[in-house]
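According to TrEMBL, the protein carries these features:
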type     : residues : note
TRANSMEM : 20-39    : transmembrane segment
TRANSMEM : 51-71    : transmembrane segment
TRANSMEM : 92-117   : transmembrane segment
TRANSMEM : 137-154  : transmembrane segment
TRANSMEM : 166-187  : transmembrane segment
TRANSMEM : 193-217  : transmembrane segment
TRANSMEM : 238-259  : transmembrane segment
TRANSMEM : 279-300  : transmembrane segment
TRANSMEM : 321-344  : transmembrane segment
TRANSMEM : 356-374  : transmembrane segment
TRANSMEM : 386-404  : transmembrane segment
TRANSMEM : 410-427  : transmembrane segment
Amino acid sequence: MSNNKTVSSSRSSLLQKNIFASFVIKGWSALIVLLLVPATLHCLGEYKNGIWLTISSLLLWIDNMDIGLGNGLRNKIAEYMAHDEFERTRSLISSTFAMLTCIIIPVLLILLLLIALTDPYWIFNASPSKVDHLDQVLMATVTLVCTSFIFKLIGNFYMGMQLPAVSNLLIALGQTLALIGTYIVLWSGSHSLMLIALVNTVSPLIIYLLAFPYTFLYKYPHLCPSLKLIKLKEAKAVIHMGVQFFIMQISSVVLFMTSNILISNLFSPTMVTPYQITYRYFSILLVIFTVICMPFWNATTDAYQKNDIAWIRNATKKLRLMTVGILICLIVMIALSDIVYAIWIDQQTVIDLKMSIMMAAYIFILIYSMRYSYFINGIGKLRLQLIFTTAAAVLFIPLAYLTTQWTHSIIWFMIVMCLVNIPGLIVNRIQFYKLINGKANGIWMK
């Protein structure tokens, strides 16, 4: 009993340190993003900026093409390290890196071929007279993102080690480098979409390339990946869990990121900018809540592996109070939104209050659902999340399209975004309490 209390105390202490460090890092990261938005807008103008935001959303699609290997890796690392299986962990890391490399090379070749054979101006509803060499921009950014794709597994490694703050630090350093590059482009007087795209995709790659040798040659040499340790068995273990994460990731991307493409085509690229500005404003709270929840994911894996259900119960009580605080903050942010927009973007873009209200509602639905899903992810019972996120993604595009054709309103478009996410929220809550109360069986336990 005493040993269990010591382990719980140690886990909670590590959790608190990571939350504090992540807050500092994410605060820094949020400031960088806030500075990056007007800098990019000034550099590119509203039209090109809308195109860049749409390209960015597509790059996030590519970023989720690891068939969930990253999240599968972090869960398996936490599981193996809970039982001090160091050699097995090393084999797991080696196998995951090898598998991801084998996936990304053909994916990159296919994407480059598709870009070469299609008309990107038609896809993005863009004018060649306003945007130069769009095909070259896409080829360059896709190549760089795919290269970063492999090395960003380092972030998942740190999350599996219950050190998400380090993963956040790597991301923040990449964003900082991107901001510096963006201001250099701005001060040079250039309005090149290519330069902005290169700055934003090269920066994270540089950080990951530097982090790789530090992590595996200096900090954790006993976990350094090796070709000799690549095993099909470990690869299958990651894939089994990873595929479920992958489908949920893709569904999440469809639910939000395809909205940029739909808005660009159903309305205009110009409308993407106010939509993204409201998202970035209200998503500050989503970032804060994610910072808090992220350490709980693999801490929950550790607790569940050691049958420390009391720790999980105590943790969720704290998040319940935090959710109420988030709701109050969202209401205040809506009230102050016009003032914030005027200061932030210097009234370059007019944003309807209704858009702010709907975006706040969307963010709260995501946060409330996340309060339960992070614990469920840590436990590894993903089947119901898989079903409901997939259903939401399948329904979203036709419902959003039909609603927009009927109403010609972006507000109704955002209402659809909210509605398709509510069933998953309800199921997450029910499943979580079934799991921690020992009443989960059948599909609730899968």
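Glycine too: its Cβ is placed from the backbone N, Cα and C atoms.
In this chain, the transmembrane segment (92-117) lies close to the transmembrane segment (238-259): three or more C-beta pairs between them fall below 8 angstroms, excluding pairs fewer than 6 positions apart. The list of residues near the transmembrane segment (410-427) in space but at least 6 beyond its ends in sequence, with Cβ under 8 angstroms from a Cβ of it, reads 255-256, 259, 262-263, 266-267, 271, 275, 352, 354-355, 358-359, 361-362, 365-366, 368-369, 384-385, 388-389, 391-392, 395-396, 399-400, 403-404. Remark: the transmembrane segment (279-300) contacts the transmembrane segment (356-374), by the rule of 3 or more CB pairs under 8 A. Ranked by the number of CB pairs under 8 Å to the transmembrane segment (386-404), the listed stretches 20-39, 193-217, 238-259, 321-344, 356-374 are led by 238-259. Segment contact holds for the transmembrane segment (193-217) and the transmembrane segment (166-187), given three or more CB pairs below 8 angstroms at sequence separation of 6 or more.
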